[in-house]
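K.L.:
What Swiss-Prot records for 123 is active site, proton acceptor. Residues or ranges marked as NAD(+) binding site by Swiss-Prot: 24, 35, 36, 105, 107, 108, 123, 192, 193, 215, 232. Residues or ranges marked as nicotinamide binding site by Swiss-Prot: 35, 107, 108. The Zn(2+) binding site feature in Swiss-Prot is assigned to 131, 134, 151, 154. Residues or ranges marked as domain 'Deacetylase sirtuin-type' by Swiss-Prot on the basis of sequence analysis: 1-243.
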């Protein structure tokens, strides 16, 4: 492990076009449940009696807008979450002009909360909301502080700005993410199993020098990586910052 940390530190220190790609494992230490792991959010949602895929779908929003927004308020609004040391480390490298930014599969908005400026949120964010009918925009504080569920303009359901099952990923976001990956000299994957498509397929566009994967479990890209560390991200970053 010590040798891996030394290698990681050397690669990071010698890179000036790092792109980060993050998944659910990065936010677990902030209290955000992993969607798919045992005991994660999907397991909790299943207790509501409907499939997680349906409850997080465009179909459910259209079939039962009231049920959809009540579900979002009950299960998705992570009110007390704060960025952890991994989010802070990524933001610091961007401020130091070593990083092109971060691409994330997460919807918690914690990269932006940590100060990262160049964030491509592939699946949207819970930091923004809008009316499903008239598309009026709302902030997270509008929804949480005022417990606002219906648009004050037209009465429509206020939904989070996330990509639901049955919806397409935002193409401008995909293009920006591809640009970050194609121009990176180092791509650091953190806390992602790299199996959720089409987002995970972006990794195949990396042509730079160093692919680094830090994840508790194996990924389909491990054999292509310069360095693989199967460990907790928070522990790795803490150790890295004390080297």
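For all residues, glycine too, the Cβ spot is worked out from N, Cα and C.
On a predicted model such as this, the values are computed, not experimentally measured, just so you know.
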K.L.:
Could you tell me which of these binding-site residues, 108, 232, has the fewest other Cβ atoms within 10 Å of its Cβ?
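P.N.:
So among 108, 232, the binding-site residues given, the one with the fewest Cβ atoms within 10 Å is 232.
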K.L.:
Fewest other Cβ atoms within 10 Å: which of the binding-site residues 107, 151 wins that one? Let me know.
P.N.:
151
K.L.:
Please work out the number of neighbouring Cβ atoms within 10 Å of the Cβ of residue 154 (Zn(2+) binding site), leaving out its own Cβ.
P.N.:
12
K.L.:
By a 10 A CB contact count over all chains shown, which of the binding-site residues listed here is most packed: 24, 131, 134?
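P.N.:
Going through 24, 131, 134 one by one, the largest Cβ count within 10 Å is at 24.
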K.L.:
Using a 10 Å cut-off, grab the number of neighbouring Cβ atoms around the Cβ of residue 193 (NAD(+) binding site), all chains included.
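P.N.:
Excluding its own Cβ, the number within 10 Å is 20.
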K.L.:
Just jot down the residues in the same chain as the residue listed as 'active site, proton acceptor', at least 6 apart in sequence, with C-beta under 8 A of its C-beta; none if empty.
P.N.:
105, 106, 107, 162, 163, 169, 199
K.L.:
Among the binding-site residues 131, 134, 151, 154, 193, 232, report those whose Cα falls within 10 Å of that of residue 108 (nicotinamide binding site); none is a fine answer.
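P.N.:
Matched binding-site residues: none.
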K.L.:
In three-state terms from DSSP, label residue 24 (NAD(+) binding site) for me.
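P.N.:
For residue 24 (NAD(+) binding site) - judged by DSSP and reduced to three states - the answer is helix.
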K.L.:
Which of the binding-site residues 131, 134, 151, 154 has its Cα nearest to the Cα of residue 193 (NAD(+) binding site)?
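P.N.:
Smallest Cα separation from residue 193 (NAD(+) binding site) among 131, 134, 151, 154: 131.
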K.L.:
Relative to the mean position of the Cβ atoms of 131, 134, 151, 154, the recorded Zn(2+) site, which additional same-chain residues have Cβ within 8 Å?
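P.N.:
Apart from 131, 134, 151, 154, the close residues are 132, 133, 135, 136, 152, 153, 155, 156, 158.
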K.L.:
Where residue 24 (NAD(+) binding site) and residue 131 (Zn(2+) binding site) are concerned, what is their Cα separation in Å, rounded?
P.N.:
27
K.L.:
Tell me whether residue 131 (Zn(2+) binding site) sits in a helix, a strand or coil according to DSSP.
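P.N.:
In three-state terms, residue 131 (Zn(2+) binding site) counts as strand.
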K.L.:
Measure from the CA atom of residue 232 (NAD(+) binding site) to the CA atom of residue 154 (Zn(2+) binding site) and give the result in Å, rounded to a whole number.
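P.N.:
Cα to Cα, residue 154 (Zn(2+) binding site) and residue 232 (NAD(+) binding site) are separated by 46 Å.
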